[in-house]
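Trainee: Quick paste of what TrEMBL says about this protein:
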DOMAIN    71-179  domain 'UBP-type'
BINDING   95, 98, 115, 128  Zn(2+) binding site
DOMAIN    220-751  domain 'USP'
ACT_SITE  229  active site, nucleophile
DOMAIN    539-580  domain 'UBA'
DOMAIN    614-654  domain 'UBA'
ACT_SITE  713  active site, proton acceptor
């Protein structure tokens, strides 16, 4: 088929150009100018018109990825900021008027941290930020958690809409938030841009060493489309795994035969196309001797047209994603999870190559006072190891280096040669296995808040183990930074000692009791607490919600999926999402449909709606959990057509509900028991796990150069045919010094027992 894509910049206003299209018939190279209705069959004409009208990723940006342009606030230029000494830390925020820790807004006038409005998806608050504006008149606020070097979410209470603040860097710096500003040296370079002589850029890219180019199948480079090296590194690693090679390249004829009319919007087609490009060897051929001689004679280097340009793949896989659809640098770990989500969603039949990464984590939570425990399981794809800085083996050198660095900075001299912290891998593994404190832990044994600790172990070991070194963090000045450390990763990794063991003899489980709900006397406050208690009564597993959200699904849809599958885990909830994602209310908040009657489409599949229009058992249980009698809950729901919010208001306005016959209540109980049985029978599918021994061998790692995930460069090293190979965008070379101690994400393969 004709190649209509071009690498040229066709969007420039400095040039005039004309498009000319021809149909070329091989092998005679016979050309027919288009359009040509007279000479061509109708089907050929239709195909040519479709190709010519297709929106190539080379020629345009997807307009769906652009949002309505925000306007600068009229208050930004003249905003008055109080000199009250307020400094905002980079984490641990809480509303100054209540205990909420989400949906918090920083007022840019006085530095108050207050909660926003309450929303049905549970992400809101008590509206204290708006109340503060009405009381004080301070117009602008920034949402905490959205601040990046590119800007932040700013809202104008006076203008009643999101706005731009052209002076956001200055306004944030007033409260000690230096996210957008870095000190500039006399030569105009930022301090972070001054590269030490032993920089990770040189070490990771193996600069200064003559590297031998590699050609052939599996040694094909990928063009950097502008900060797309994170995608290149991940895809090179993924297609070095046999399961992914078989699923896409091995099935390429079948995938192409059954591809939809628009293959540019089909995930499996795009994966097969990319995999074939990387593994076929057609785009990785060594130069001919005659070409080399010609280059030497002309004393010029003519780059080879090797490698592939994944523009169409990137345009499709990032469509609709606010970060990956941009041209900014991204986190390779987040892209890996996004890719696994798409693989899961588009798996055909029983073949799902992402199964090789999936494993179960057992979490053991213990009440420190009662010593009672609770065991839960969740699905994960990555083992995240903390960096144990306190275990550095070269602390004296680090102290001396820091002194020299400060002296050089004060004297405006060149910085001394870099000294990296050397962290033993065993210390990182030990930090992973140690108990962690649980914030705001409520002990069901004590019926009160208490100290709690959580320990994680492997309930299963995956076929391929992905290990992330958690190098990225925030400084006290809000500047995102990377821990420049050296962790000597082992070639052979044995984690069998981290195998979960379940409930042990002598351990006593925590009672399965929910925290009590206290309803205040004030009607307005009571209504807010009702809404909050409704969400709490849903008993949604937030860890499962976040796993699904990290895959790219809407947060509201993730909450509904976990709720409607009875907290059976992310894997079962994922199946619910796949079954319901085409529905028009897929991304609608769970609480909205619950207040107005449970969503019939979602609930019907789980028997949530009572038989003969009886109130759903879930709603009855929620009202009972608030302290009301069962017969009162049923009467209220029936009187309000199963509208949960109105049902509670009905209860408050009917302190003495009518009596119902005992037989009627028994009939309702019987019907609700039928619903409970239906609910219990659903969602029984277990996550597909490839369990086995926990002994692994390193076969690849992705490295990051730079000070933040939002900047820098990624490369990957892969072990192929017994030797290490570096993949640096289009450059694919035999590695001489693989920097295994400076990696960010490591890939291990299980050693057969």
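Any Cβ shown, glycine's included, is placed from N, Cα and C.
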Trainee: Other residues near the Zn(2+) site, CB within 8 A of the CB centroid of 95, 98, 115, 128?
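Mentor: So the extra residues in range turn out to be 96, 97, 99, 100, 104, 114, 125, 126, 127, 129.
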Trainee: Can you break down the domain 'UBA' (539-580) into helix, strand and coil residue counts using DSSP?
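Mentor: When I sort the residues of the domain 'UBA' (539-580) into the three classes, I find 30 helix, 0 strand, 12 coil.
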Trainee: On average, what pLDDT score does this prediction assign to the domain 'USP' (220-751)?
Mentor: 80
Trainee: May I have the DSSP-based helix, strand and coil counts for the residues of the domain 'UBA' (614-654)?
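Mentor: Helix, strand and coil residues of the domain 'UBA' (614-654) number 29 helix, 0 strand, 12 coil.
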Trainee: Hey, how far is residue 128 (Zn(2+) binding site) from the residue listed as 'active site, proton acceptor', Cα to Cα, in Å?
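Mentor: The residue listed as 'active site, proton acceptor' has its Cα 42 Å from the Cα of residue 128 (Zn(2+) binding site).
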Trainee: Counting by DSSP, what is the helix, strand and coil composition of the domain 'UBP-type' (71-179)?
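Mentor: The composition, in the requested order, is 15 helix, 21 strand, 73 coil.
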Trainee: Between residue 98 (Zn(2+) binding site) and residue 713 (active site, proton acceptor), what is the CA-CA distance rounded to a whole number of Å?
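Mentor: With distance taken Cα to Cα, residue 713 (active site, proton acceptor) is 42 Å from residue 98 (Zn(2+) binding site).
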Trainee: Inside 10 Å of the Cβ of residue 95 (Zn(2+) binding site), count up the other Cβ atoms and send me the figure.
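Mentor: A 10 Å sphere around the Cβ of residue 95 (Zn(2+) binding site) contains 21 other Cβ atoms.
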Trainee: Rank aside, I only need the closest one: which of the recorded positions 95, 115, 713 has its C-alpha nearest to that of the residue listed as 'active site, nucleophile'?
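Mentor: Nearest by Cα distance to the residue listed as 'active site, nucleophile': 713.
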Trainee: Which whole-number value in Å describes the distance between the Cα atoms of residue 115 (Zn(2+) binding site) and residue 713 (active site, proton acceptor)?
Mentor: 37
Trainee: Given the binding-site residues 98, 115, which one has the fewest other C-beta atoms within 10 angstroms of its C-beta?
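Mentor: Counting other Cβ atoms within 10 Å of each of the binding-site residues 98, 115 gives the minimum at 98.
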